[in-house]
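Scroll down for the structure; my scribbles are underneath it.
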Amino acid sequence: MTQGKKKKRAANRSIMLAKKIIIKDGGTPQGIGSPSVYHAVIVIFLEFFAWGLLTAPTLVVLHETFPKHTFLMNGLIQGVKGLLSFLSAPLIGALSDVWGRKSFLLLTVFFTCAPIPLMKISPWWYFAVISVSGVFAVTFSVVFAYVADITQEHERSMAYGLVSATFAASLVTSPAIGAYLGRVYGDSLVVVLATAIALLDICFILVAVPESLPEKMRPASWGAPISWEQADPFASLKKVGQDSIVLLICITVFLSYLPEAGQYSSFFLYLRQIMKFSPESVAAFIAVLGILSIIAQTIVLSLLMRSIGNKNTILLGLGFQILQLAWYGFGSEPWMMWAAGAVAAMSSITFPAVSALVSRTADADQQGVVQGMITGIRGLCNGLGPALYGFIFYIFHVELKELPITGTDLGTNTSPQHHFEQNSIIPGPPFLFGACSVLLALLVALFIPEHTNLSLRSSSWRKHCGSHSHPHSTQAPGEAKEPLLQDTNV
């Protein structure tokens, strides 16, 4: 045992020496310029722009592959993906705290975009790989940790809003472009273009994105072990449960994002099937909603955070979400969908405000763990939400019986015949369920305190997060973080 320990110490000293030499010599190129929010923004934009191009083609392939149970199978596929994301997010977040953000940005983007070229090669493999890619579908987790590394606490809500707005911006034009190119040139060209954009995103990370995690925040050795407790999402949630305020935030995220995830997965089908929207109308709807979301998550979010504070901004966003879901649930006319879309854009301020609040619960070297935990909850919702919505559509006999397709032409609007009549009391039953879920989230969020006891919050969180901290992690003097969940104005 003694000889083994000596060998281990010698190996650690060798690693430390190699690391010092690399640092002294400047190491390998780490990207273009200093780490900035704009690096994260470009990564997010390219990834989701590539997937946005496939909005219309995916509907066609989904219906052709599962003609009898389109809504239900869509929910199950997204459910498996979301469950795997939930299981893997804490581990990837913790590993990024140790090994840096750049390598995991590369990993998550690569595997998230891996299914794209398979759409035309083999639809069955396409949907299978989509399900399995959930293991690495945690780009937002790493991106938010990247942003937290390079911003001060008072800057984070604006930075998170910019990232979320970029996600919305990627959906402003990409579905319309994808639908147009598919109609004129065929869906194969759309798949090739989406694949090229995904490759561009990967190359951008390799060449241009610098590492954001400061060297002093990493463990002293490269071979730092990751405990199974860090890799276990349920253990992470149990530890969070020891802190009542963090638990309230997690419950709020779960109850509010569960219907949102279901809405994302089925809303395009709903507009086409029930509201009789044409492909052009759907693309225009997505574009308008995206533009309004960008305005809400940048200008409006900044003003609200400055004027009413972090918690009240979350409550307001939840209120808008309840209104838009109820409107979609009872709405039976196209103009109601457009009006509810404007309200839905305002509700998009909720998650960046929650992310800003959550970021205050962790030290600089714990941002990946905390954001990974929240992304894990969202990943679980990404599994449960689509499956739940698909099941509710199924039991209410809402199914995609006919899709207006002429070859690869998605522009012809042929009204599908369906036995779900427009005179139903509740045209959109899953959305009404979602409104009830968000109402519960709002009631839970009311118990999140405006201000917290500084000394108690700090010591309590350090005690609970102690097992996540690596023994070699250091923090420079004078870098003490502000207490947890202190509701300061931006």
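Note: Cβ is positioned from N, Cα and C throughout, glycine not excepted.
Asn12 is the residue among Asn12, Asn413 that Swiss-Prot labels N-linked glycosylation site. In this chain, the transmembrane segment (314-334) lies close to the transmembrane segment (428-448): three or more C-beta pairs between them fall below 8 angstroms, excluding pairs fewer than 6 positions apart. According to DSSP, the topological domain 'Cytoplasmic' (265-284) comprises 15 helix, 0 strand, 5 coil. It is 189-209 that, among the stretches 161-181, 189-209, 428-448, forms the most Cβ pairs under 8 Å with the transmembrane segment (104-124). Using a cut-off of 8 Å between Cβ atoms, the transmembrane segment (380-400) and the transmembrane segment (244-264) share at least three residue pairs, counting only pairs 6 or more apart in sequence. Ranked by Cβ pairs under 8 Å to the transmembrane segment (189-209), the stretches 41-61, 161-181, 244-264, 285-305, 338-358 are led by 41-61. By the count of Cβ pairs under 8 Å, the stretch nearest in packing to the transmembrane segment (161-181) among 41-61, 244-264, 285-305, 338-358 is 41-61. When each of 41-61, 244-264, 338-358 is scored by its Cβ pairs under 8 Å to the transmembrane segment (285-305), the top-ranked stretch turns out to be 338-358.
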